[in-house]
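What follows is a set of notes on a single structure, which appears directly below.
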Protein chains: 2
Amino acid sequence: MSRGHNFSAGPAALPEAVLRQAQAEFLEWDGSGASIMEVSHRGKDFIGVAEAAEADLRELLAIPANYKVLFLQGGATQQFAQIPMNIARRDQRADYVVTGDWSEKAVREGATLARIHVSASSQSTNYTSIPARDGWDLDPNAAYVHYTPNETIRGVEFHDIPDVGDVPLVADMSSTILSRPLDVSRFGLIYAGAQKNIGPSGLVVVIIREDLLARCPKDIPRIFSFAEHAANSSMLNTPNTFGWYLAGLIFKWLKAQGGLAAMEVRNRTKAQTLYDYIDGSGFYRNPVEVSVRSWMNIPFTLPTTELDAPFLRESQQAGLLALKGHKLVGGMRASLYNAVNQDSVDALVCFMKDFARRYG
Amino acid sequence: MSRGHNFSAGPAALPEAVLRQAQAEFLEWDGSGASIMEVSHRGKDFIGVAEAAEADLRELLAIPANYKVLFLQGGATQQFAQIPMNIARRDQRADYVVTGDWSEKAVREGATLARIHVSASSQSTNYTSIPARDGWDLDPNAAYVHYTPNETIRGVEFHDIPDVGDVPLVADMSSTILSRPLDVSRFGLIYAGAQKNIGPSGLVVVIIREDLLARCPKDIPRIFSFAEHAANSSMLNTPNTFGWYLAGLIFKWLKAQGGLAAMEVRNRTKAQTLYDYIDGSGFYRNPVEVSVRSWMNIPFTLPTTELDAPFLRESQQAGLLALKGHKLVGGMRASLYNAVNQDSVDALVCFMKDFARRYG
């Protein structure tokens, strides 16, 4: 048995050291006589785990005290609905910046819950760019401005936080959170499905500024209300306890790596390694405008689609996993989340060079 | 390190053999080069796991072909909202039979989504009984009839399926599913949070008769629509892949134990062992009407509440875990789900005898 170099876009690679720890304590957690999966979420063992995870996440992201951190279920996709349900009135405008397939989905899912307005879109460039900020059609009375800092499918990323004035900025950070330091105070609400940089799938983290909790309507089911979840420390119902526990181990691992400043250096270097090789190869190609290329998800194409099958077959044989591009884009995609290390990127580039030599 | 006898009400004990298998393949699943948590839910590895889990669950429960099985997130609590949202019109009556705290919650969460009518309640008996069927106030035009076959907190269980005519019967089976064979064809919809008899928390199984999918409104977010989840094999968004995988291992384990007919014999015997001892002890007491006592959750009290603290302390020391009763009820509760074996029940009774002798 051996673990491959895992470039999956999500559920994605997890740090091996974290997996080994979870494996070692899988049948009995910390002398409790049971697996962490087998204890009540309301008991002191799990509450200790949950609180430590939140504290470590707060430390990593320097989350200000006036923000609540929620550990919920249903993924980012459920948040597409839950966010307008909670922080917009049904007749109120909410502004969305569309830079790819995930922001498109956010628009569609929110459509029955608020007056969703597309303020800007890069669809005309096939989502290989980001619309310039000065062209965004924003309403100062909008409930919020929603954007997707990193688009997982086409590999487009905002490298700065847009200024939207006093309107709360809402960000789907599923595929970029924890990849570098972040100024949380610039946001009204941040959400992120866990299955890229946080932990296993089935968990979504919501970071919400407290003043927005006052907007949550009283006449929605409690299970959808951020205010209710915040008042109940995310234990309004039984949370995904194993996911929360594993996220906590990952937060500790990130701290041990040197925190997000260290991850930023690593992630920048990993991405640069691959982009530099692609751009200089004369064989592979990444279509995204250079200034908005993602550090986390790097799609690339081969000179002809006939080469896709041998590339996938041979890369798999070489222990390079999950390089197939999203079906909407085709070609290849390498996702370089926190748990993917420089060795894996180097191994990929080495394989790509050899493949280009043999098929070029 | 050693594992205790775990009587947790949920998240609850899991079969040790299943935990050992998951532990062994935790870093690399089936030669894939990655943990099952680290692979795409849309790849052939995970789809194989997901389909096998569904097939095994269908076999265990003999689920008819005209039912869809969904593996979703948000627990039974989210279903309290999602069910009326999908299969009732907002102005339509839905009938609820209230036999405890969980059916009460179902009523409250559904209240903004349909015209919820309490057709019967055993609140006046402090939920120690079940209202006789002939007293239920049912509307033949109701969207559905909802009941809770097993109430986890007070330990009350229906041992037969009520006849409600042609109105679809909807059941929250969180704490009783898979404890014995079930005639699924009697139901319109069955749902169950995983964290008792199915797997870890963060997963909820919904079994829905296909004709009810036609009721799902088109104007709700897709993520809440049973029809959309069914059309997308529960992969409309990233599912809780680890929970689904572990549930699949548990279904295989149940089949290896002899299926639900074998579990019925075991569960009946386990419960009878504890009830017989309690009733004959002259020391402990279970308040529930004998004919509706739960096989899964057995609350009991000691002669005085002053004895609760020493009982909990000494039972914990003896390796008998999680016996504290729910805060709404007080006293003790032993949950005897499928993964709790007769040895654990015998150890509990042995301890209870000794405790009664010393403190009686």
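Backbone N, Cα and C define each Cβ position, glycine as well.
Long-range Cβ neighbours of B:Arg42 (L-glutamate binding site) (same chain, at least 6 residues apart, Cβ-Cβ under 8 Å): B:Met235. When secondary structure is read from DSSP and collapsed to three states, B:Arg42 (L-glutamate binding site) falls in the coil class. TrEMBL lists B:Arg42 with the feature L-glutamate binding site.
Residues or ranges marked as pyridoxal 5'-phosphate binding site by TrEMBL: B:Ala76, B:Thr77, B:Trp102, B:Thr152, B:Asp172, B:Gln195, B:Asn237, B:Thr238. According to its DSSP assignment, B:Trp102 (pyridoxal 5'-phosphate binding site) is helical. For B:Trp102 (pyridoxal 5'-phosphate binding site), other Cβ atoms within 10 Å of its Cβ number 22.
TrEMBL lists B:6-348 with the feature domain 'Aminotransferase class V'.
Look at B:Lys196 (N6-(pyridoxal phosphate)lysine): DSSP puts it in coil. The N6-(pyridoxal phosphate)lysine feature in TrEMBL is assigned to B:Lys196.
Local packing around the Cβ, expressed as the count of other Cβ atoms within 10 angstroms, is greatest for B:Gln195 among the binding-site residues B:Thr77, B:Thr152, B:Gln195, B:Asn237, B:Thr238. In the three-state DSSP scheme, B:Thr152 (pyridoxal 5'-phosphate binding site) is classed as coil. B:Lys196 (N6-(pyridoxal phosphate)lysine) counts 31 other C-beta atoms within 10 Å of its own C-beta, drawing on all protein chains shown. Between the farthest pair of Cα atoms in the pyridoxal 5'-phosphate binding residues (B:Ala76, B:Thr77, B:Trp102, B:Thr152, B:Asp172, B:Gln195, B:Asn237, B:Thr238), the distance is 30 Å. A strand conformation is recorded for B:Asp172 (pyridoxal 5'-phosphate binding site) in the three-state DSSP classification. In sequence order, the recorded positions near chain A, meaning those of B:Arg42, B:Trp102, B:Thr152, B:Gln195, B:Lys196, B:Thr238 whose CB lies under 8 Å from a CB of that chain, are B:Gln195, B:Thr238.
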